[in-house]
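Summarising the annotation, TrEMBL assigns Mg(2+) 4 binding site to B:ASP41, B:SER55, B:ASP86. TrEMBL lists B:ASP41, B:ASP86, B:ASP220 with the feature Mg(2+) 3 binding site. Summarising the annotation, TrEMBL assigns Mg(2+) 1 binding site to B:THR56, B:ASP57, B:ASP134. Annotation comment: TrEMBL describes B:ASP57, B:ASP86 as Mg(2+) 2 binding site. Taken from TrEMBL, the feature substrate binding site covers B:HIS64, B:ASP273, B:TRP321. The ATP binding site annotation in TrEMBL covers B:GLY133, B:ASP134, B:ARG158, B:SER222. For B:ASP223, the entry in TrEMBL reads Mg(2+) 5 binding site. The annotation domain 'PurM-like N-terminal' is assigned in TrEMBL to B:39-150. Taken from TrEMBL, the feature domain 'PurM-like C-terminal' covers B:162-254. The feature region 'Disordered' is assigned by TrEMBL to B:297-324.
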Protein chains: 2
Amino acid sequence: MPASPFPPDATLADVGEFAFIAALDEVFEQGEQVLVGPGDDAAVLRVRTGHVVVSTDLMVEGRHFRRDWAGAADVGARAAAQNLSDVNAMGGTAHSLTIGLAAPADLPASWALDFARGFAEECAKVGASVVGGDMARSETLVIAVTVLGACTVAPVLRSGAEPGDVVALAGRQGWAAGGLAVLGRGFRSPRALVEAYRRPEPPYGAGRVAADAGATAMIDVSDGLLADARHVAVASGVSIDVRRDAFEVAEPLHAVGSALGADPIQFILGGGDDHPLLACFPSAGDVPEGWQVIGSVGPADPRTGPGVTVDGGEYEGPTGWTHF
Amino acid sequence: MPASPFPPDATLADVGEFAFIAALDEVFEQGEQVLVGPGDDAAVLRVRTGHVVVSTDLMVEGRHFRRDWAGAADVGARAAAQNLSDVNAMGGTAHSLTIGLAAPADLPASWALDFARGFAEECAKVGASVVGGDMARSETLVIAVTVLGACTVAPVLRSGAEPGDVVALAGRQGWAAGGLAVLGRGFRSPRALVEAYRRPEPPYGAGRVAADAGATAMIDVSDGLLADARHVAVASGVSIDVRRDAFEVAEPLHAVGSALGADPIQFILGGGDDHPLLACFPSAGDVPEGWQVIGSVGPADPRTGPGVTVDGGEYEGPTGWTHF
């Protein structure tokens, strides 16, 4: 990271909103779609596709991140990643984002700047620009991101899965949940899992590949693999069965499972911080490279309705995250 | 307001995110631009104009609003208004919005629902839809809104004012600041001012009229009239002089000024919660109906640079709002 232009101990209140925002000029490069960038009442973006994909996500300190568990740049990268991933899950690519930063007056200005730098780094992975935002003083640190993007083919919704489809996953799954479990118990290793939690690596581009390959339904895994599979099942009016043996449990997950006395498969089935994509395809032959079959779609259970099973039966472990 | 579908004492935590969001279905009507509405990973909007105008604003409880000073529907309407006004200030019209609601677990579900209803009411004034959002638990109540819109002619920036232009205002100014001053001292009247604070009435459409009339620069007054005039002056590299006698001080502002021992002009020159528009035009003859000339543009002062004066001299009163 480059040096901070602010004194080492300076807070946001010391620096002031306008000086802080001025320092962002060199952090946020503007793409060719940006007709009017940050600094006016609104940004103006060129849209050549005839549509825009838009999504908003919140991150709250103490609930979605902790400053002692991840550096500012990591938090910034994660805030960007979870939004870029939402566009990925529609089969599209993000081009522009806005950031709302509600922050305590004593937040170090260098933390906020490193946050912005990490955010910009993640956006650069897909060529997206930060085109605007807002700052406000708040006791609780809250980050609100809105992402705009575009699809090249029709967007892939949650609601298109059909009985007979196969279910596939793109991207690493369970590593971030393992890292979170480790951090929650005061450990810092295995390093690979902690890093996976701090800097998820969503499979950018895999959504577009899936859309091109004829995916019938798709979702970003952010609440938890089974919880998000359930969102697809309910939206599509189907049942989804996930097979445990479809997942190779990586060595560090085995290590954490042993250390914590937990079945490591629960990080995979319940975790939601890696932001892989889950999609359905008409047949195994349609599943593109980079995607791995993990289950199948059947008709909704006539008694219990749409839902998710594991190896044909009910799953007893945690399936994901509750927001309230 | 229609009745709440939730038990009277239910909190957001009692109701749960998914049930709360389900109740929003009938609050947020979707416009014809909405190809994919709320409920998927992202919304998808049709864009016929080849561009999108986008802006994000935050509102934090205790800083931008108080639940004991305004009802939930008022807070919702104001959250929408300040974002719709940003598009107005570009000379455009808003079509779509997203809402991030970071809220305490014990926030009454009925408050959150009335907030959404007030928000939807305000959006309906310009025909805009709420197309998505996010909820999260937070100690501090933070509202993050992103607005998308379009212009029919080139957007009007802050940076186009030229010496010789006239400065004009559209919309009520100073009433909300008067209302805020009253509430801050524990009073509830004059009612007209308190209501102006609770429910600003931005001059929707006036931005488009100004753009069509050839406005050279425009801004939404949200930080304070002189503070925002200064943003235009600095962006344009000019000086702006505002004339006190251009403003007719309305009777309730006189009343509050007398009661509080303040010159009522300070509500007009320093207030920022009414969301009128300030714009510059090449000549008085270009100023369209609904706009009132309040000053003039000159070259930047060679010694002090771009800035704002009142009646040709420095203004000693408060000029606006500091975010940090």
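The backbone N, Cα and C atoms fix where each Cβ goes, glycine too.
Caution: TrEMBL annotation is automatic and unverified by curators.
Feature map: annotations from TrEMBL on the structure.
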residue  : record                 : contacts (Cβ under 8 Å, 6+ apart)
B:SER55  : Mg(2+) 4 binding site  : B:ASN83, B:ASP86, B:VAL87, B:THR146, B:VAL147
B:THR56  : Mg(2+) 1 binding site  : B:ASN83, B:ALA144, B:VAL145, B:THR146, B:VAL147
B:ASP57  : Mg(2+) 1 binding site  : B:ALA79, B:GLN82, B:ASN83, B:ASP86, B:ALA144, B:VAL145
B:GLY133 : ATP binding site       : B:PRO38, B:THR98, B:ILE99, B:GLY100, B:LEU101
B:ASP134 : Mg(2+) 1 binding site  : B:THR98, B:ILE99, B:GLY100, B:LEU101
B:ARG158 : ATP binding site       : B:ALA217, B:MET218, B:ILE219, B:HIS231, B:VAL232, B:ALA235, B:SER236
B:ASP220 : Mg(2+) 3 binding site  : B:GLN82, B:SER85, B:ASP86, B:ASN88, B:ALA89, B:PRO202, B:ASP228, B:HIS275, B:LEU277
B:ASP273 : substrate binding site : B:ALA176, B:ALA177, B:GLY179, B:LEU180, B:TYR197, B:PRO200, B:SER222
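In this entry, B:GLY133, B:ASP134 stand out among the binding-site residues B:GLY133, B:ASP134, B:ASP223, B:ASP273 as having a C-beta under 8 A from a C-beta of chain A.
Each residue of the domain 'PurM-like N-terminal' (B:39-150) gets a DSSP state, and the totals for helix, strand and coil are 33 helix, 47 strand, 32 coil. If you count neighbouring Cβ atoms within 10 Å for each of the binding-site residues B:ASP86, B:ASP223, the highest count belongs to B:ASP86. Here the domain 'PurM-like C-terminal' (B:162-254) has a mean pLDDT of 96 out of 100.
DSSP labels the residues of the domain 'PurM-like C-terminal' (B:162-254) in these numbers: 44 helix, 14 strand, 35 coil. Counted within 10 Å of its Cβ, the other Cβ atoms near B:SER222 (ATP binding site) come to 23, all protein chains included. Mapped onto three states, the DSSP output places B:ASP273 (substrate binding site) in coil. Taking Cβ-Cβ distances under 8 Å and a sequence gap of 6 or more within the same chain, the neighbours of B:HIS64 (substrate binding site) are B:LEU58.
Cα to Cα, the residue listed as 'Mg(2+) 5 binding site' and B:ASP41 (Mg(2+) 4 binding site) are separated by 34 Å.
When the region 'Disordered' (B:297-324) is classified with DSSP, helix, strand and coil residues number 0 helix, 10 strand, 18 coil.
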